[in-house]
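Residues annotated as [4Fe-4S] cluster binding site in Swiss-Prot: 198, 205, 208, 214. Annotation comment: Swiss-Prot describes 119-138 as domain 'HhH', evidence class sequence analysis.
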């Protein structure tokens, strides 16, 4: 019903967005960063490696990397060839190696070897933009942040929370709809939903907890039995149970 959404007021949009966030919280009660890490430095490194790669691929790569490079100084003094060899499976390994060495050097020279906990300082580091900074702030320091990755941007546009393509504008628009304390969890929920249910080409509309509030309902199969096989991930049984299957 295109008319229903085109006539939506600002207040109605805020209410719908927050209702959808609550539904996502029910669908994904245990969300988390899917990159493996134990320290802010490890998360910064893993997030840099995740560009144009998958979390699964990064998580297969980082155990050996983290065992070899434990501190910012280790990265600052890394042998480039050795570092490139370790991170090669994540793709674009030459650029990423340069970013990691630069990251280590910047942390040693300007921050005493420690990852800073503010946006303005994080974005001055090599390889760290707002997306990476928000991942670090939200998951290593508990500071709310909205992570606009490919899934997040695709879904919030699909939901008509915003029409913006620029990640910074998406972050700002969503931040005005959802309470700040929810930002990090919202980011995880949306990304989980994009990976498991709301796929780019064939979303599982028929089993989606957001169906009644989604302007794009019908892009994928709306019949539950046809949509069910499209659901992916360890939460599949829970998601199908919510759909009555």
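Even glycines carry a Cβ here, placed using N, Cα and C.
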(message) Tell me the coarse DSSP state (helix, strand, coil) of residue 198 ([4Fe-4S] cluster binding site).
(response) coil
(message) Given a Cβ distance threshold of under 8 angstroms, which distant residues of the chain, six or more beyond its ends, lie next to the domain 'HhH' (119-138)?
(response) 33, 35, 40, 43-44, 47-48, 96, 98-100, 102-103, 106-107, 110-111, 144-149, 167-168, 171, 183-184, 187
(request) Write out, in the order they occur in the sequence, the residues of the chain not among 198, 205, 208, 214 that have a C-beta within 8 Å of the mean position of the C-beta atoms of the recorded [4Fe-4S] cluster site. (result) 197, 203, 204, 210, 211, 216, 217, 219, 220
(request) Across all the protein chains here, work out how many other Cβ atoms are within 10 Å of the Cβ of residue 208 ([4Fe-4S] cluster binding site). (result) 25
(message) Using a 10 Å radius around its CB, how many other CB atoms surround residue 214 ([4Fe-4S] cluster binding site)?
(response) 21
(request) Check the domain 'HhH' (119-138) for me and report the mean pLDDT. (result) 95
